[in-house]
Structure formats: C-alpha cells, structure tokens
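Here's the structure we're looking at; comments come further down.
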Amino acid sequence: MSSTIVSLPDQTTATLPKHTYLNNEYGLKSWLLTRDHKRIGILYLITITFFFFIGGAMAGLVRLELLTPQTDLLAADTYNKVFTMHGIIMIFLFLVPSVPGTLGNFLVPIMVGAKDLAFPKINLLSWYLNTIGGIMVLAALISGGVDTGWTFTTPLSTHYVNTHVITAGLAIFVTGFSSIFTGINIIVTVHRMRAPGMTWFRLPLFIWSNYAASILMVLGTPVLAIALVLVVLERTIGIGVFDPTKGGDPLLFQHLFWFYSHPAVYIMILPGMGVISEVISTFSRKRVFGYTAVAFSSVAIAVFGFLVWEHHMFIMGVSSYSALIFSLLTMLVAVPSAIKIFNWAATLYKGSITFETPMLYAFGFMGLFTIGGLTGVFLGSLGMDVHLTETYFIVAHFHFVMVGGMLMAFLAGIHFWWPKITGRMYPENLSKLAALVTFIGFILTFFPQFILGYLGMPRRYAAYPPEFQVLNVLSTAGATVLGVGYLLPMLYLTWSLKYGKIAGPNPWQATGLEWQIQSPPVVENFLETPVVDYEAYDYEWLANKTRNEVHTVG
Amino acid sequence: MDSHAIATHPEHAHAGHDHPPFLRHHFESVEQQREATSFGMWLFLLTEFMFFGGMFVAYLVYRTWYYPAFVAGSHQLSVLLGSINTVILICSSLTMSLAVYAAQKGRKAALVRWLSITLLLGLVFLGIKASEYREKWEQHHVPGLNFSVSDFVHVNPAYPGQPALPLDMAEKTQVYFSLYFAMTGMHALHMIIGICVLAGLIFRARAGAYTSGHTNTVENFGLYWHFIDIVWNFLFPLLYLISRHQ
C-alpha cells in the first residue's frame, strides 16, 4: 500500500499523535474551566446529545399516545405538556445550538486558520448559559410542565394556563444569550481572525453558512428575549402589553415571537447546509459548483428569513394585504434555497462520487429538505395555508425541514469530522446501515403525516377520529425505526472512541485547513500560522501537495 | 516572536517570547486584539438595540391606536425630573469619554477620577428615577399592581388644560404606563449593570490595570455607557415630551 499517492497511515502500526487538545490537561476541572474552543465543542456535543434523547423520549410518548384514537396512554393535559416539552427541548436545546455549538465551535477557528475563537471566555460562558437554560427547562418539566406549545402564545400563556411558563420563558431567555454570544464569537472570528491569504472567497462554505446563521442569531434572538420578558412580566405583575382587557394586543406577541422564530428555522438549517456543501464537495472531489452563488445564497436566506414571519399568522386576523405581501416574500426564500440544491446537484454531476456515510446522510438531506421546502411553498400560498395550517401537514412540513434537513446534516457532519475530533474512524458498515435505517424510519414517520394533515387531522390533539388510525400506526412504527437509527450512531461512535481505527490527518483527502493538521489537533490548532495560497476545494492543489510530500519522504 | 514554540509546547507558552502581558495567545497582534474586542462590543450593542427595538415597536403601534391615552399618560410624568436626568446622563457620557481619554494617555489618577464621577452621576440618575417611580406608585399609576383609571376620567386639577378621557380610553393609559415601566425599567436595569461594572473598573484602575497600554476594556465599557445614554435620549422625548403641547 505504500506506493499509493494517497498517504493513508498503515492501520496496524499507526498511533495517535502524542500531543493533542485531549491529553493536554486531565481532570474534570480542566474541562469545565477550559477556554479551548475544541473542548467547548465537545461539552456542547455531550449536552445537546443528552437533550436530544430527552426530547426524543417525549416524541416517543407522543407517537405512542397517537397509536390509538382514544386518549389511553396520556391524559389530554399530560399530552399537551409532553409535546410542549418536546418542542422546547428540541428547538432551543438541540436544533439551534447543535451545529454552531459543536461543529461550529470546533471547526470555525481551524477552518479560518485561527488559534481559537475571538472570545474564549465568552464561548465557555455561552455553554454554561445553554446548560443552565436546559436545567431550567428540566426543572419546569419536573415541577409540573408547560402546556402552551413551544410558541408560548398569548393570552393562553399569560392568563389561562396554570403551569410553569415563567420558568420555561426565563430558560429560553437564558439560552438566548448563549445563542447571541456564539453568534458574536463566530462573526468576529470570521472577520478578524482569518489567517494570511484566507480571503473571504477562499473561505469554506461551512464558514459562510455559519456566518449567515450568526447574523440571524445576533439580530433575531434579542427580539424573542424581550417578547418573553414581557410575557413573564405579564404573568407576574400583569402589566398588560399583550392583554386585550387592558388595551394590549396578543397579536403583537406573535409578531415579536415569529420575528425571531421564523429566522430561527434558518439558524437551524443554514449551518446544516454548510455541512452538506463540505461533504458533497469532498466525496465528489469537485469544487462546489457556483461557489460564490452558494456563499451569497446563505446571506440571502438570512436576509429574506427576516421578512417572512407573518406567514405564521395568516389565519390569526392580520390584514389580507399584509398577508398577500408576506405570502409573496415567503415564496422568495425558495430562490436562494433552490440555488443551493441545484448547485449541489451540479457539483455531483461528473464528480468522482463515493458513498461514504456522511455522503449518504447528505443525500438524505437533499431529498428530505427538498420535500420539506416544496411543501413550504404550499403553506406559503395564502389559500392553501388556510386549509392546511394547524394540521398534521404543517407538522410533517417542519419535521421534513428540521429533522430531515437539520438532523441529517448534523449526523453527516458528526460522521464527517469524527476522525478529526477523535482521531479515530467509526465502523464503516454499521454507520452506513444506521444512515439507511434513519432515512427509512424518517420517511415512514413523517410522510403519512402529510396525508393525515391533508385529510384534516389537527395537530396538538391527544385523540382523533378512528379513520386516521392506519396512518398514525404507520407513523408510530416509523418513529420506532427512527429511534433505532439514532441509537446506533450513539453506540458505535462511543465504541469507536476506544476501538476505532486510527484515522490519520486526512482520511477523506479533503482540502479544508482542518484536514492539513493532525487529528486530533494540538491545543492551539496550528504549529505555525498557516498561509493560505489556494482556493477552497482545490483538489488539484491537494493532489500536488500529497505527491510532493510522498516524493520528499521517498 | 517564536510562534512555533508557543504552539508546540503550550504549557511553556510564556517562556522566552516578548509580547505585552495583556495580549492573549490566540491573537497575532495587539492591533488584532483591539479590533476584535471592539467589533465584538459593537455587535453586542446591536443585539441590545434589537432588544429595545421590540419595545419601541410596541410603543409605536399602541401610540397610533391610543393617541389620547398616550397624551394623558405623558402629562403625568415630570418633565423637570426627566430633563434633569437627561442632562445628568449626557454629562456622565462626557465624563466617561474623558475617562477613556485618560486611560489612553496613561493617566491613572485622572482615569480613576473620571470613572468615579461617572459612577456618581449614574447613581444620581437612578435615585431620581426611583423617586419618579415612587411618585407613580403613590398616584396609583403602576399597571398590574395598583393602577387606577379614575385619574384619567376626571379633569386633573394639576393639568387643567387636559380634557377628561372617556372610560374606555382611560383604561388604555394602562398600556402607556406598561410601556413606560417596561422601557425605563429595562433601561434602569442596564444602568445598574453598568454601575456594577464601573465599580469593578475603578477597583482595577486603582491597581493600574488600564493605564499601561491596555485600554480595550475601558473603551468597550465606554461604548456600553454611551449606548445607555443614547437609549435614554430616545426614551425621554418619546415618553415625556412629544405630546406635551396638547
């Protein structure tokens, strides 16, 4: 094997590097007080995995309850609390921080050629805020739960429910600061910490998409924060900004809430799209087609993302003129999203495609996100929306976007960068099986929900007419398969920490700066400040470099 | 600058290379560190602006809907106290700027002096604010806790020119006072945080922390203090002044 150009280390004798960020210091304290962006990324990985499985358990309960048309497993109010907690945990404690918190933290400084994020202490603080917020959500859950739905819609949340809205609202407020700090850190790092030669248009697309998502975090999150502060003030002392009996307007809450929470969809999905760009380029060994267009489409999604919030309120008494305009603007978001999908397809065209696990997840992403996006066009159309909103159609739509899109991308990214993070490979066949199981489980879970919604089954009810049972049983069966698909990576990735093959610095022969250093990296990432003299995704440069290295060694 | 040694042996990072003690390891130069921290601060202030923005939007909407209620509400505020507070806050912005200047020039005594005066002015502002809040409490103008509409359905002898409101509009003055307390309360909270930070800065400035070339912290706190000032400079006319001619 030593004659190949590709310099994969000999698996039998290869060892992990001596000095890494993992063995630089030992002990719990060295982790809990670390300022190393890579370690903080791992801390995030642990907490979001924990919350993901709690949120997943909630989803499992919801699906089990819906196995039969009656309310037999959970009482109606318990059911409300369970799906509310599922939503809050999955959105604020998993989807929003997942890619920026783990992969973003780990990779952004390395990919731009910096030693760390711009503000390491604030980075650690943002992990603590996220964890504290998570603990507060769990406290709300244990002490009696919240049953408003994750949207905290007023006046339900301020006047009519007798649950722990205050704890949950403050929890979201706290995690919001975590999100803001991560966003500021990423933006400043990309602007001010790039290595010599790393121009804006040499940045990997993962950086562009995290940058765009960070803009959304920085501008959107404070608006959610103030909306929740006002809800808490209204519940505690009754100031009445959203209370119609005092002259306030509940719709104002929804405007403020969705001003954040629609862009939040793009906070979730944009970093995922960045992962997909990296994966698709690497495993088709081609520069991403239309690099500049894909880069700018991230920024365009961020900009349009702020202009569409009212499509969540079409049936809530907004004026028909504004609804028309927001319907049109909603359609416009499809354009930059489609630019990405088409350009990925064009990248694949005539590429040397290999079907590694991250690539399988990436294909899953492209298929599922496309379905999710196209059904979004249905929902953006004013007339269709009146028929379909608040039914299972909308549940299926946003799960296709967020789970089919974001979660697939997150799994793609975790597998893709696992060798870099841990220095070891995961078991090849098992991981491909997991990708397949996840995909099948996903389709089986959520596709029937489109039909259910189209037939008129409303969301958020514990009981339903018996004629919907067949599709619900299918969906619950799918959720079981999906659960297996999530448990598998959890198990074999943990296994690989000890028994996985040694990966070497660049197992995929990818071009990013992160692959030019050892795996796992040293504490300050680079032995010397890198000087970048090649374009992003320049596989010819990489081939020459590898050939020269082999030549010098030989 | 032996960057190779820093990276390979991080545990010995401090040995044998000459950079100022305040330059953190992940920055290449003092200039880069200064630009990054300042940019980060501006971004944080942008988030603060969006935070207050939600309430400004609420103000705009409700003011358009309940114009007479907002006029009646703003007549209940003391323009005199508001004006004094505005002057105090602008002066504190000036003293803060002088503190930053003193730090840049490396004058420790002047830095401590200007920071202390800023802190003092901030406390005076909060004291006046507290007395205004107490007055509102006594007049039963605090929504949710002790609000009473009766002041607004009758002609107030203190403001004979102001007409009595019909009952439904009088109830809407609650929205005005909700926003008044939410906005000025959030502003006061920012002042309290600012004053706590200021106390810390004074403590460290006395030990000579910011007068040996490392002025980022003082400069960035200066930006925060000016932001508080600017927010007040919008709150004061919106809440106290713009309906007074009616």
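Every residue gets a Cβ built from N, Cα and C, even glycine.
TrEMBL labels come from automatic prediction, so no person has curated them.
TrEMBL lists A:25-533 with the feature domain 'Cytochrome oxidase subunit I profile'. Residues annotated as transmembrane segment in TrEMBL: A:42-62, A:82-112, A:124-146, A:166-190, A:211-233, A:253-276, A:288-309, A:321-339, A:360-380, A:392-418, A:430-451, A:471-493.
Remote same-chain partners of the transmembrane segment (A:42-62), defined as residues 6 or more beyond its termini with a Cβ less than 8 Å from a stretch Cβ, comprise 31, 34, 73-74, 79, 82-83, 85-86, 89-90, 93-94, 97-98, 101-102, 105-106, 127, 130-131, 134, 138, 414, 421, 479, 483, 486, 490. Remote same-chain partners of the transmembrane segment (A:430-451), defined as residues 6 or more beyond its termini with a Cβ less than 8 Å from a stretch Cβ, comprise 63, 355, 357, 360-361, 364, 368, 375, 392-393, 395-397, 399-400, 403-404, 408, 411, 415, 471-472, 474-475, 477-486, 488-489, 492. Packing against the transmembrane segment (A:471-493) from elsewhere in the chain are residues 49, 52-53, 56, 59-60, 63-64, 66-67, 411, 414-415, 418, 426-427, 430-431, 433-435, 437-446, 448-449, 451-452, 464: each is 6 or more residues past its ends and has a CB under 8 Å from a CB in it. Same-chain neighbours of the transmembrane segment (A:288-309): 201, 203, 205, 208-209, 211-213, 215-216, 219-220, 255, 258-259, 261-263, 265-266, 270, 273-274, 277, 280-281, 326, 329-330, 332-333, 335-337, 339-340, 343-344, 346-347, 349, 380, 536-537, counting only residues six or more beyond its ends whose CB sits under 8 Å from a CB of the stretch. A:211-233 is the stretch from A:82-112, A:166-190, A:211-233, A:321-339 with the greatest number of Cβ pairs below 8 Å to the transmembrane segment (A:253-276).
Segment contact is absent for the transmembrane segment (A:166-190) and the transmembrane segment (A:360-380), given fewer than three CB pairs below 8 angstroms at sequence separation of 6 or more. For the transmembrane segment (A:211-233), the list of distant contacts is 100, 152, 154, 157-158, 165-166, 169-170, 172-173, 176-177, 179-180, 182-184, 186-187, 190, 239, 241-242, 253, 256-257, 259-261, 263-264, 266-267, 270-271, 298-299, 301-302, 305-306: same-chain residues at least six beyond its ends, Cβ to Cβ under 8 Å.
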